[in-house]
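Noted in Swiss-Prot for the protein shown:
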type     : residues                                                : note
ACT_SITE : HIS88                                                   : active site, proton donor
BINDING  : PHE22, ALA56, PHE57, GLU58, CYS80, VAL81, ILE82, PHE113 : 5-amino-6-(D-ribitylamino)uracil binding site
BINDING  : ALA85, THR86, ARG127                                    : (2S)-2-hydroxy-3-oxobutyl phosphate binding site
Amino acid sequence: MNIVTGQLNAHGKKFAIVVSRFNEFITNKLISGAEDILKRHSVADEDISVYWVPGAFEIPAVAKKIAENGKDNGVICLGCVIRGATPHFDYISAEVSKGVASIALQSNVPVIFGVLTTDSIEQAVERAGTKAGNKGSDAAMSAIEMVNLYSAI
């Protein structure tokens with residue numbers, strides 16, 4: 001049996017991080033977590049590009065352009081959508097999820113979903129570096145593994 005896995009060494013690899021400015025008090029923590037993991041796994045500072053977009057809805061469009069340009073080995077999408085009193089949360093969460101998934105399926109580079117969709121600010125804070133870890137860190141680890149897996153396929 002041949003088992004293929006992605007290694008967790010990212011030396012010489014380039015990563016793009018697309019991050020939403022909306023709920024920036026959370027997304028700043030997600031991006032810090034992602035950058036920390038990338039650097040711990042040998043990604044040079046100059047090989048990390050950060051693209052700020054206004055909100056989560058804009059993430060897929062920018063991620064698609066980056067994935068198509070061929071400059072980066074992986075794209076990490078980070079954002080935070082917190083449920084409010086209107087259905088807006090449902091629409092945004094669904095569309096950003098579908099958009100990132102669609103790009104990931106059509107792209108030759110891994111596109112990783114690291115967008116929080118939470119029912120409360122407390123849940124978002126927990127997932128941005130407190131009780132529930134840092135989902136930005138998790139997304140970066142997934143990106144490293146998937147970049148290496150894509151190379152092995």
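Cβ coordinates come from backbone N, Cα and C, glycine included.
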Residue among the recorded positions HIS88, ARG127 whose Cβ has the most other Cβ atoms within 10 Å: ARG127
For PHE113 (5-amino-6-(D-ribitylamino)uracil binding site), the one of ALA85, HIS88, ARG127 that lies nearest, given that the recorded positions are compared by Cα: ARG127
Euclidean distance between Cα atoms of ALA85 ((2S)-2-hydroxy-3-oxobutyl phosphate binding site) and PHE57 (5-amino-6-(D-ribitylamino)uracil binding site), Å: 18
Other CB atoms, at most 10 A from the CB of GLU58 (5-amino-6-(D-ribitylamino)uracil binding site): 19
Neighbour count (Cβ, 10 Å) for VAL81 (5-amino-6-(D-ribitylamino)uracil binding site): 26
Fewest other C-beta atoms within 10 angstroms, as judged across ALA56, CYS80, ILE82, ALA85, which are the binding-site residues: ALA85
Nearest of the recorded positions (ALA85, THR86, HIS88, ARG127) to PHE22 (5-amino-6-(D-ribitylamino)uracil binding site), judged by Cα-Cα distance: HIS88
Pairwise Cα distance for THR86 ((2S)-2-hydroxy-3-oxobutyl phosphate binding site)/GLU58 (5-amino-6-(D-ribitylamino)uracil binding site) [Å, integer]: 20
Residue, out of the binding-site residues PHE22, PHE113, whose Cβ gathers the largest set of other Cβ atoms within 10 Å: PHE113
Span of the 5-amino-6-(D-ribitylamino)uracil site, taken as the largest CA to CA distance across PHE22, ALA56, PHE57, GLU58, CYS80, VAL81, ILE82, PHE113 (Å, rounded to a whole number): 17
For PHE113 (5-amino-6-(D-ribitylamino)uracil binding site): DSSP state (helix, strand, coil): strand
